[in-house]
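A quick write-up on the structure given underneath.
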Amino acid sequence: MTATLTPPTVDRHAREGRQWGVLLGLLAASGLVAFLGGLASVSGVDGWYAQADKPAWTPPNWVFGPVWTVLYVLMAVAAWLVWRRWGLSGPTGARVALSLYALQLVLNGLWTPAFFGAELLELGAVIIIALDVVLVLTVAEFWRRHRLAAVLLLPYLAWCLYATSLNIGIALLN
């Protein structure tokens, strides 16, 4: 059982001016991962992936863009809510939660080039399973600090688990 932490007392007016800047920075970080992932996947989606055997539960290609767009926005807003409430300083700050968030974002960014770009399906499976684990830890840390932020990550976690099943299914079929 995890306890809910009490946020530190902070001068919210001192941080108010940078709140929107931090949100924009988090949205930009998510956007960068999405953009780089898109670049890495273009040749793979139209090349080997189009010809690959896929599990019956594979959605049409057009679904991925809108879903990922919504998820990247939810991810950034969730991280922002945690930062806004907790900041990064002090022993009860959100440093661990936001470090896990950053790590899952890096793993997310590594998966697309491995899976689509390099067609390394097994490596993609290892990366996305690591992403799943780090994401579960991120949700747990966010839950202790800001429940809405954790809830905002649940669609992302569900999609990543679904993507994991697709990655493993495609690896087994090819």
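Placed from the backbone N, Cα and C atoms, the Cβ positions cover glycine too.
According to TrEMBL, the feature transmembrane segment maps to 20-42 (among others).
Residues or ranges marked as transmembrane segment in TrEMBL: 62-83 (among others). Sequence-distant neighbours of the transmembrane segment (62-83) (same chain, 6+ residues past either end, Cβ-Cβ under 8 Å): 19, 22-23, 26-27, 29-31, 33-34, 37, 94, 97-98, 101, 105, 142, 145-146, 148-150, 152-153, 155-156, 159.
For 95-117 (among others), the entry in TrEMBL reads transmembrane segment.
The transmembrane segment annotation in TrEMBL covers 123-143 (among others).
Distant neighbours of the transmembrane segment (150-173): 52-55, 57-58, 67, 70-71, 74-75, 77-78, 81, 115, 121-122, 124-125, 128-129, 131-132, 135-136, 138-140, 142-143; these residues of the same chain sit at least 6 beyond its ends, with a Cβ under 8 Å from one of its Cβ atoms. What TrEMBL lists as transmembrane segment is 150-173 (among others).
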For the transmembrane segment (95-117), sequence-distant contacts whose Cβ falls under 8 Å of one of its Cβ atoms, 6 or more beyond its ends: 29-30, 33, 36-38, 40-41, 43-45, 49, 75, 78-79, 82-83, 86, 88, 123-124, 127-128, 130-131, 134-135, 137-138, 141-142, 144-145, 167
